[in-house]
Amino acid sequence: MFRTMMRAKLHRATVTEANLNYVGSITIDEDLMDAVNIVENEKVQIVNNNNGARLETYVIKGERGSGVVCLNGAAARLVQPGDKVIIICYGLVAEENIHKQEPKIAVLDDDNQIIEMLGAEKAGTIL
């Protein structure tokens with residue numbers, strides 16, 4: 001059996017743009033993608049801390065070092081520049097490997113720069 005487990009997360013990313021007329025997706029600074037091993041065209045879930053909206057889309061590489069986090073297409077209706085979002089990527093893990101798998105979590109500042117890298121989350125942690 002396989003289970004769907006969180007494998008990567010960009011925590012408290014700041015939305016820099018919302019582009020309604022783009023075809024779709026989320027554009028993410030490639031440095032941030034690399035930090036948590038998210039690849040172009042990979043499916044991600046976005047959770048908006050400001051309004052509670054949750055959506056799924058795919059990733060497009062953004063310019064390295066730019067801090068860009070841009071929701072494109074229909075998703076742009078669910079965010080505003082300045083909103084705080086959590087970007088989560090899941091993967092299928094075989095039952096026997098569940099306890100060996102540890103997610104990569106990058107905690108970001110207001111400029112989408114990494115301030116901390118975490119492994120497994122602990123209950124009660126407030127960031």
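Any Cβ shown, glycine's included, is placed from N, Cα and C.
As written in Swiss-Prot, here are the features:
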ACT_SITE  Ser25  active site, schiff-base intermediate with substrate
ACT_SITE  Tyr58  active site, proton donor
BINDING   Thr57, Gly73, Ala74, Ala75  substrate binding site
MOD_RES   Ser25  pyruvic acid (Ser)
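Everything Swiss-Prot records as a feature, shown here on the structure.
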residue : record                                               : Cβ within 10 Å
Ser25   : active site, schiff-base intermediate with substrate : 19
Thr57   : substrate binding site                               : 18
Tyr58   : active site, proton donor                            : 12
Gly73   : substrate binding site                               : 16
Ala74   : substrate binding site                               : 12
Ala75   : substrate binding site                               : 22
- Query: How many angstrom lie between the most widely spaced Cα atoms of the substrate binders Thr57, Gly73, Ala74, Ala75?
  - Reply: 10
- Using an 8 Å cut-off from the Cβ centroid of Thr57, Gly73, Ala74, Ala75, can you name the remaining same-chain residues around the substrate site, in sequence order? Gly24, Ser25, Ile26, Leu55, Leu71, Asn72, Ala76, Arg77, Leu78
- Report, in whole Å, the straight Cα-to-Cα distance of Ser25 (active site, schiff-base intermediate with substrate) from Gly73 (substrate binding site). 7
